[in-house]
Amino acid sequence: MPEMPEVETVRRSLIAQVKGRKITHVEIRYPDLITGDVDQFVEFVTGATISDVGRRAKFLLIHLDNGYTIISHLRMEGKYRISADPSAIDKHSHAIFTLDNGQKMIYNDVRKFGRMQLWNTDELSENKSLKKLGPEPLSTEFTFQNLKPRIMRHHKDIKTVLLDQSVMSGLGNIYVDEVLWQVKLHPETPANHLSDEDIQKIIEASNQEMDKGIAAGGSSIRTYVDATGHKGNMQNNLKVYGKEGTPCPRCGTEIVKIKVGGRGTHFCPKCQVVK
Ligand SMILES: [Zn+2]
């Protein structure tokens with residue numbers, strides 16, 4: 001699944017290629033991609049100019065100059081591709097936006113889990129999906145004061161709590177494993193056992209992991225490719241995710257993989273302790 005650094009990488013790539021471009025034609029080939037009325041989506045988007053491309057956690061926000069925003073969630077396999085080449089369109093291309101420079105912004109999604117929704121830009125904070133998101137790394141709201149009560153009210157394991165997008169948003173399975181390794185916490189530690197120092201470390205490690213992820217152009221563990229077709233190389237920086245059976249980079253103990261809250265979880269059984 002694309003995580004926040006991947007979505008940020010896609011955002012930067014899109015902004016460079018589509019900002020200021022007018023959308024002259026819209027074709028929706030898979031109607032279920034659109035949450036809400038498809039005809040209305042096509043009607044409102046056609047003729048609008050892309051004024052900016054923003055992001056909230058893992059949601060891309062394609063702002064239009066007519067007061068509407070396309071909220072786009074890539075989910076498992078969604079990708080954007082910008083191309084003028086007709087061969088770039090295939091059976092997995094579910095939305096095709098023709099731009100005024102002859103290029104097409106093509107949304108591909110092999111697994112069809114991604115969704116797009118048109119929303120009034122002034123009322124984005126009221127959108128059901130965006131409203132429930134907790135503070136995200138690298139934002140001004142990502143502070144100890146905001147995070148401590150959100151984490152400490154849970155007695156579930158910290159892995160599940162950090163994955164809960166209403167507690168903090170943007171971190172998925174890969175980065176939560178990496179953050180917990182960085183801060184030396186066992187993923188099954190009850191969240192309300194954390195000290196202030198643990199929470200402070202989680203904040204710092206989350207910011208660092210997101211920074212590193214963005215600098216590396218995202219992870220390409222799965223089939224993620226940015227809008228220019230480049231694969232990210234974040235997987236080279238991962239310390240525990242997908243590294244079961246290999247030595248911990250800190251202490252040499254073999255990394256193990258267990259299930260926590262139903263999710264595959266990688267950690268070092270020696271240097272990550274339960275509190
Ligand atoms: Zn270790």
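Easy rule for this one: first residue shown is 1, then count along the chain.
Any Cβ shown, glycine's included, is placed from N, Cα and C.
Now, the feature entries from TrEMBL:
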ACT_SITE  Pro2  active site, schiff-base intermediate with DNA
ACT_SITE  Glu3  active site, proton donor
ACT_SITE  Lys58  active site, proton donor
ACT_SITE  Arg263  active site, proton donor
BINDING   His92, Arg111  DNA binding site
DOMAIN    2-114  domain 'Formamidopyrimidine-DNA glycosylase catalytic'
DOMAIN    239-273  domain 'FPG-type'
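Structural mapping of features recorded in TrEMBL.
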residue: Pro2; record: active site, schiff-base intermediate with DNA; DSSP (3 states): coil
residue: Lys58; record: active site, proton donor; DSSP (3 states): coil
residue: His92; record: DNA binding site; DSSP (3 states): coil
residue: Arg111; record: DNA binding site; DSSP (3 states): coil
residue: Arg263; record: active site, proton donor; DSSP (3 states): strand
Between Arg111 (DNA binding site) and Lys58 (active site, proton donor), how many Å separate their Cα atoms?
17
Can you tell which of Lys58, Arg111 has the least company, meaning the fewest other C-beta atoms within 10 angstroms of its C-beta, among these recorded positions?
Arg111
Spatial neighbours of the residue listed as 'active site, schiff-base intermediate with DNA', counting only the recorded positions Lys58, His92, Arg263 and Cα distances within 10 Å:
Lys58
In sequence order, which same-chain residues at least six apart have a C-beta under 8 angstroms from His92 (DNA binding site)?
Asn108, Asp109, Val110
Tally of residues which DSSP labels helix, strand or coil - the domain 'FPG-type' (239-273):
0 helix, 13 strand, 22 coil
Determine, to the nearest whole angstrom, how far the Cα atom of Lys58 (active site, proton donor) is from the Cα atom of Arg263 (active site, proton donor).
19
Could you work out which of the active-site residues (Pro2, Glu3, Arg263) has its C-beta surrounded by the smallest number of other C-beta atoms within 10 A?
Arg263
